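Q: According to Swiss-Prot, the record shows the following:
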- Cys145-Cys177: disulfide bond (DISULFID)
- 88-233: domain 'THD' (DOMAIN)
- Ser80: O-linked glycosylation site (CARBOHYD)
- Lys20: N6-myristoyl lysine (LIPID)
- Ser2: phosphoserine (MOD_RES)
- 1-34: topological domain 'Cytoplasmic' (TOPO_DOM)
- 58-233: topological domain 'Extracellular' (TOPO_DOM)
- 35-57: transmembrane segment (TRANSMEM)
Amino acid sequence: MSTESMIRDVELAEEALPRKTAGPQGSRRRWFLRLFSFLLVAGATTLFCLLHFGVIGPQREEFPKDPSLISPLAQAVRSSSRTPSDKPVAHVVANPQAEGQLQWLNRRANALLANGVEPTDNQLVVPSEGLYLIYSQVLFKGQGCPSNHVLLTHTISRIAVSYQTKVNLLSAIKSPCQRETPEGAEAKPWYEPIYLGGVFQLEKGDRLSAEINLPDYLDFAESGQVYFGIIAL
């Protein structure tokens, strides 16, 4: 039964009341009928809104687990997410046995060379033109502060094929010592990490290097503290 039919029935019932109910008792009856009509309309309206906005009604269907029921587009998205990338990438780590220098190694745990990146003369050679994320981190460690001011530098440089000149892409300087350790005072250890990272347009054949000025302060106590890498975007 529709809402209009229910309202019409109530109106007919009200019209069918004997005319003698015009007194106080008849007024109460008409008032109750009007109240009942209002509640009926309000309830029907509420039910319609709940059904319309999906608050009540049939539950949503779960995503089918059977591959045959999955749309071709969804299958294509899933398969593409599993396709290995063919973009150049490199991640090299420092050689802890190289004294007095920062030497990069690619044949170590957690190191990686893929899709054309080659190490040459402690540098990474870019295999193809494009945008690259270049990054590097070093960790310095010392004991106490000497009389001469300690300045720690870390630099990522580029030698482009178009102009054979070394150009700094990223650079940072830190000083672990604000003042000299007084004579006789305890020489406390200090640590200074430097991280560099940025996105650059590179050409095929460009050579990239990550260097420091004081390799004797490098800390190799833990793996993953000193590294250098590039990722094609």
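Each Cβ is built from the backbone N, Cα and C atoms, and glycine gets one as well.
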Q: Near the Cβ of Cys177 (disulfide bond), how many other Cβ atoms are there if near means within 10 Å?
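A: Around Cys177 (disulfide bond), other Cβ atoms within 10 Å: 17.
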Q: Relative to the Cβ position of Cys145 (disulfide bond), how many further Cβ atoms are located within 10 Å?
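A: By my count, 20.
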Q: Where DSSP helix means H, G or I and strand means E or B, what are the helix, strand and coil counts for the domain 'THD' (88-233)?
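A: Residue counts in helix, strand and coil order: 3 helix, 75 strand, 68 coil.
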